[in-house]
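Only one structure is covered here, and it is reproduced in the block below.
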Amino acid sequence: MIIIWSIVMYIGQVSKDILKWPRPLSPPVVKLEVRTDAEYGMPSTHAMAATAISFSFLIATMNQYKYPFELGLTAAFVFSTLVCLSRLYTGMHTVLDVIGGALISAVLLVLLYPAWDSIDHLLLTSPFCPLLSIAVPLLLCYNYPKLDYYSPTRADTTTILGAGAGATVGFWLNHQYAAPAYSGENLGFPLITGMTVVLVLARFFTGLFVILLTRQLMKSVVLGTLCYCYKFPISDLEARRRLEVEVPYKFVTYSSVGFTATVIVPLLHGLLGLI
């Protein structure tokens with residue numbers, strides 16, 4: 001899912017800056033978001049992400065867990081549809097942007113699905129996985145399409161690829177030294193009791209706290225280091241938007257987040273007896 005998410009989002013973000021289709025005019029629409037208004041509109045990456053995540057989750061779990069396929073299909077369709085409708089409601093995309101994003105994701109899922117097992121096997125077993133997982137996304141981030149004005153698309157793309165890279169390295173490390181990624185068993189859902197709910201919540205909030213702490217710590221350390229190396233004050237927003245600052249800042253920070261989520265948090269869960 002993480003690999004699919006990274007690929008889909010990269011293609012979507014790059015497509016925006018190549019096509020350069022504007023967002024809906026305001027008026028007549030009322031825009032309820034400000035940050036992403038500087039980005040172009042086509043395709044809707046929210047629609048792409050929602051479609052890719054929900055349906056890749058369905059495909060990946062339908063043979064691993066025992067649940068009605070119709071229920072999973074309905075949930076995936078409803079989730080992706082609600083996200084698409086939300087982009088229209090907030091005034092950030094046209095109907096064409098949303099339909100285009102969903103269709104691009106659907107095509108990518110169809111094209112990538114035959115290679116899922118091969119990609120998984122390669123990323124979990126190849127000794128070159130950690131190197132490639134870091135080098136390829138970094139290369140893509142440093143060669144992101146240039147615009148005439150600043151847009152947050154490069155920063156967002158670097159964040160996504162960084163998180164995906166860190167998680168991929170974490171999965172590889174777990175597979176090599178902790179536990180195989182696939183058990184080969186068809187699993188049922190556990191009986192939900194009060195203790196199960198408490199355990200799930202404890203795991204969730206423990207993981208969330210550690211991930212947020214990691215992000216805040218790495219942001220401070222990486223940005224402070226870059227400020228020192230390139231001689232600019234931490235409050236200089238323009239300097240932080242420069243390629244040589246923005247890419248390493250975002251990539252190192254969020255690759256640390258991805259690694260923490262897949263390696264450090266599960267280890268902590270084990271130490272605390274939450275597994």
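Yeah, the Cβs are placed from backbone N, Cα and C, and that goes for glycine too.
Over in TrEMBL, the protein carries these features:
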- 1-113: domain 'Phosphatidic acid phosphatase type 2/haloperoxidase' (DOMAIN)
- 47-65: transmembrane segment (TRANSMEM)
- 71-89: transmembrane segment (TRANSMEM)
- 96-116: transmembrane segment (TRANSMEM)
- 122-145: transmembrane segment (TRANSMEM)
- 157-175: transmembrane segment (TRANSMEM)
- 187-213: transmembrane segment (TRANSMEM)
- 251-272: transmembrane segment (TRANSMEM)
Averaged pLDDT score, the domain 'Phosphatidic acid phosphatase type 2/haloperoxidase' (1-113): 86
Chain residues in Cβ proximity to the transmembrane segment (157-175) (below 8 Å; excluding those fewer than six residues from its ends, i.e. six or more beyond): 2-3, 5-6, 9-10, 13-14, 123-125, 129-130, 133-134, 137-138, 140-141, 144, 181, 246-247, 250-263, 266
